[in-house]
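Chemist: For reference, Swiss-Prot lists these features for the protein:
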- Ala351, His352, Thr353, Ser354, Ala355, Gly356, Lys357, Thr358: ATP binding site (BINDING)
- 555-567: compositional bias 'Gly residues' (COMPBIAS)
- 585-595: compositional bias 'Gly residues' (COMPBIAS)
- 638-815: domain 'Helicase C-terminal' (DOMAIN)
- 540-608: region 'Disordered' (REGION)
- 556-577: region 'RNA-binding RGG-box' (REGION)
Amino acid sequence: MSEGFSSSSIQELYQSLKEITNNADVELFEDRITKLDFESTDEPKHANDIIKDRFLRPSNALPWSLLDMVQDVPHTSSPEDCSGKLDYKELLKVPDPINRTSYQFKRTGLEGKISGYKEEVDLKEVANANASNSLSITRSINHNQNSVRGSTAQLPFTPGGIPMKSVKTDSEQNGSSTMANATKLLHKDGQGLFDIPEGMNRGIKPMDSPAENEDQNGQFKELKQLNEIDNELDIRIEANEAKLKEEEKSAKSISEEIMEEATEETTADNADDAEIDELLPIGIDFGRTKPVSKSVPVKKEWAHVVDLNHKIENFDELIPNPARSWPFELDTFQKEAVYHLEQGDSVFVAAHTSAGKTVVAEYAIAMAHRNMTKTIYTSPIKALSNQKFRDFKETFDDVNIGLITGDVQINPDANCLIMTTEILRSMLYRGADLIRDVEFVIFDEVHYVNDQDRGVVWEEVIIMLPQHVKFILLSATVPNTYEFANWIGRTKQKNIYVISTPKRPVPLEINIWAKKELIPVINQNSEFLEANFRKHKEILNGESAKGAPSKTDNGRGGSTARGGRGGSNTRDGRGGRGNSTRGGANRGGSRGAGAIGSNKRKFFTQDGPSKKTWPEIVNYLRKRELLPMVVFVFSKKRCEEYADWLEGINFCNNKEKSQIHMFIEKSITRLKKEDRDLPQILKTRSLLERGIAVHHGGLLPIVKELIEILFSKGFIKVLFATETFAMGLNLPTRTVIFSSIRKHDGNGLRELTPGEFTQMAGRAGRRGLDSTGTVIVMAYNSPLSIATFKEVTMGVPTRLQSQFRLTYNMILNLLRIEALRVEEMIKYSFSENAKETLQPEHEKQIKVLQEELQTIEYKSCEICDNDIEKFLELMLAYKEATVNLMQEMVKSPSILHILKEGRLVAFRDPNDCLKLGFVFKVSLKDAVCVIMTFTKPYKLPNGEPNHLIYFPKADGYRRRNFPKFQKTDFYMEEVPVTAIEVITKRKFAAPLGKVIKKDVAALNEFNAETNNILDGKTLKEAINIEKQGLKIHQILLDRTNIRDEIFKLKSIKCPNLSQHIVPKFKAHVIKKKIEELYHLMSDQNLSLLPDYEKRLAVLKDTEFIDQNHNVLLKGRVACEINSGYELVLTELILDNFLGSFEPEEIVALLSVFVYEGKTREEEPPIVTPRLAKGKQRIEEIYKKMLCVFNTHQIPLTQDEAEFLDRKRFAMMNVVYEWARGLSFKEIMEMSPEAEGTVVRVITWLDEICREVKTASIIIGNSTLHMKMSRAQELIKRDIVFAASLYL
């Protein structure tokens, strides 16, 4: 720039600047920093260098004049001046705090001019961010041993979408959102700076310098002037130019030339800007300053329903390079899902079973492989995880598939990891480094969020997942997919695309089986055939009529009818007497749910099949090629029983028998020889070789898997299964049969829900093999109820409902990590979705009310102004006392004596207008009163209600403020008792009923009485203090005191008080509404907050946390216990209770926490005295914890409440002998449970042993650690821990 000037012009500029500086008459440079102190020189080159140094070359060092302003020079004194005294204050230095904020410039325009500054919280400045001090996704990676499972010593990653207190979230570090969320809870001053530190009531209060004290703030002025030095220089040059113009009018000064050149440059720049603006799009707004108004947040819809009523013709153009392709054309809903995944969105796919939801999951897995990221596939149960592992291994050749369960880790570094939701929850709380690489989380069978025990885990996982993770939710059809997706979207601040299809790939045809006849009732177009339904009733009623005529439309012996005589199992059709039931199945049904028994007056049983029923229907379906079939039976015992009834029926030829035999032999080679001959395996083998099988929770895991694999290969033609078979297992069949549409759910018999029926019926119909799926509902001896049948088969599926509840493990984990508060977890749960969705609407209402508050005008009055605020306060207190009085009066029997028919009362209508009327009737139950009103609403001349209290005895006050009520024709009005303001002693003697009937004499008396009242005579209250109970007496006393205080005020004598109080009262009402809205938006309105506070009190009392909610040693141990009963187990561990037992005794005692127990059978005696002593100690500790729970009124789950009554110690002997080395066959001889239950209990015990072992490390108990390791070794053997056939 300087090279554009000649040497002579530079010399002239130099001389001109010297003259400006040295001229005493022109005081342009007032501050010492910017004063131009030039040395005298005549050399042009030297002058050029000085100007360059001064203006063009920025210095790396600050001038001393500026440094003196921002630094303190320590006071130094000579030894002679010390006088032997030391200044100890010099030693009391407060160390500099860690500064987690930084100042950022606000820039505007394309040039990036600085327009202001802002202060932001920034964790990137924290040195050495790691898993123990940072929630950032960019923190340093921890040890490899914790990369998969994480550790309780680690913090989780920042949950996505949730504004964190004083924490900069990962999304903000990536620049995808503003700091408003992260710092909205910190207070800022007028300049936008944080002035009150978190946790303190007050902070820095800088002194604002008034205008008259500008000289005292010169240093701050100099800093400000330093930032504006360029502008000041321009101003001074302009001033100098004006002076030179006066002296040399004919010649131009150097300064003027400079200014002209600068103006020319500016004009050229503006011309360039205009050319650039022509090239830029009109709507461009980056880098431009825009006026920002503090608008009310608009309610944003995060869920977007995708329209499927179209075909995507250009799918190949939209997805030119798909991550995966299929040999068949995708359905529209699958294409939409794939498209949105490629766009980086999250999707919620709701479709029927076998509709092809798995395609979406497969595409996400392939996409993650292509992007070199990971996918996590979560399933509701471990068995489904194993099956999905096998399916995906067969589906993908190029993608690594891994499995993580409680006891197995296969290929944990794979691109796709399959696990249960509980495992993922644990990984999130423990900050597993593996989460960094996850791009997709697939939630399969989302409708299991309705599960009462495990639904809360799904919500926790969704809330805790980091921002970068995308969601793929797969579910059966549910009515509120949009609501659920909108909750996830709002919580995670992500758009969720809802793709819901009611279409079935294979339509269903629902039939009823009645007396060897298959009757279609609902066709494949979902049309109900009522004539056919009546036909099934006629068939069954016709058979029943041999014994007794039918009297009900629903048929005899149904769920709500008396049992009819006659059945299918006896020769004479009358049923047998003297058997276990009198009637029962043989007698045509039951009374209600059962029949009259021979020994007891009422014995309930179900209308069920005979031994011929299943052979008949199997042969019928076999002839019509409707096999294979699955029969859903809601009892393990009946599954086995019904399979036994098919003895003699064989579905397999010799070749199939040979293949089944070879597969079984190959599968059980992993078992010990003695385990291969277990009764259950031998029986299952004999059934399988005939093409028949059973599937329920009592089977050994290896037997269940063996049956599932053979069924998928088509070897099993008839399968009797419980409803767990329908839980996600991809095993379609030709026909599904319901042995009943009622089941026992643990509490009692009930009908199946439409969702349960749809889930099980959806197994019917194999895509590509069957044109329709056949569903059969069994009707044995009694016809089905049409209403029940329609509701179950065609009803609306169960809505997704939150099962969110607080657990101690969750509370302690959140208190441990401190970043996410428990209140926030509750706030963002699905249970609070409705309230949170209304928050933008509440904020909008608050803004409207605040604006309305600003428009209220207050009139000045010499009488009122001094104490009208006090009057309003006392008036509101008096009104509140009156409401409390009436609430208590309703509970008191005296109300009936006071509020008798004809009693004159003054009451308020919904608009707060006063009216007079006679009591006609009172309902104490509903706390309402019917009043015969005879006055118009009392209003002020301007139409506003008169809010003042109606004091009937104060004549002067009453005449000023309630001069005259206007009479009207009487009418009846129902008002709450609390709306009554005054109950007078006056009573209308004649019956009001006659007045209503327009009796002339009664009407005349009524008119005379009302005219007398309206003449303004003094009225007295009917409630006497002396005759009331203690509580009412106290309220009346308080109210009288308030009244006396009111009449001491000066404003009570104001003639216009009723008008002057209106704006004050209106402002009070608006403020109250605003407070209510703020309360609705606050954490104090959370429905689970009282429960949280009670549980906090429990944790404090039991010393899991301290008074400041810091997690203590007990709490850290409880964080490790995820299997339930964490408080009791922690007490056992820290009490060193387990340390005094041997490993085999420890696992036996711990079995009480995994075995659910039974209530009917008695517990077997404990085998050793030591175990008996351990049992007694566990009961003592549990009773102690129950006392604490009861003290704080903690709501308990059914399992927690019945822990001591369900005989949970019944498995103790079995586990003890297993740990001692007995074979599985031997322990089954003493087991009260089936083989599958025993295996499940021992498997869960291994998980508890692992958790206790980790807890022992925390407390430093090496002996317990060794014992728990030994205990795991003792139980992990043989058939219980045999490898899965899917792995």
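Please read every residue number as a count from 1 along the shown chain.
Glycine residues also receive a Cβ, built from the backbone N, Cα and C atoms like all the rest.
Quick caveat, the model's predicted, so the values are computed rather than measured.
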Chemist: Enumerate the residues of the same chain, Ala351, His352, Thr353, Ser354, Ala355, Gly356, Lys357, Thr358 excluded, that satisfy the criterion Cβ within 8 A of the mean position of the Cβ atoms of the recorded ATP site; list them in sequence order.
Modeler: Pro505
Chemist: Go through Thr353, Ser354, our binding-site residues, and report the one whose Cβ sees the most other Cβ atoms within 10 Å.
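Modeler: Of the binding-site residues Thr353, Ser354, the most buried by Cβ count within 10 Å is Thr353.
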Chemist: What are the non-local neighbours of Gly356 (ATP binding site), defined as same-chain residues 6+ apart in sequence with CB under 8 A from its CB?
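Modeler: Leu330, Asp331, Phe333, Gln334, Pro505, Arg767 - these are the non-local Cβ neighbours of Gly356 (ATP binding site), listed in sequence order.
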Chemist: On a count of neighbouring CB atoms within 10 A, which of the binding-site residues His352, Lys357 is highest?
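Modeler: When each Cβ's neighbours within 10 Å are tallied, Lys357 tops the list.
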Chemist: What is the number of other Cβ atoms found within 10 Å of the Cβ of Ala351 (ATP binding site)?
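Modeler: Within a 10 Å radius of the Cβ of Ala351 (ATP binding site) lie 25 other Cβ atoms.
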Chemist: Tell me which of the binding-site residues Ala355, Thr358 sits in the most Cβ-dense spot, judged by other Cβ atoms within 10 Å.
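Modeler: Going through Ala355, Thr358 one by one, the largest Cβ count within 10 Å is at Ala355.
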Chemist: Which state, by DSSP, holds Lys357 (ATP binding site): helix, strand or coil?
Modeler: helix
Chemist: If you average pLDDT over the region 'RNA-binding RGG-box' (556-577), what do you get?
Modeler: 39
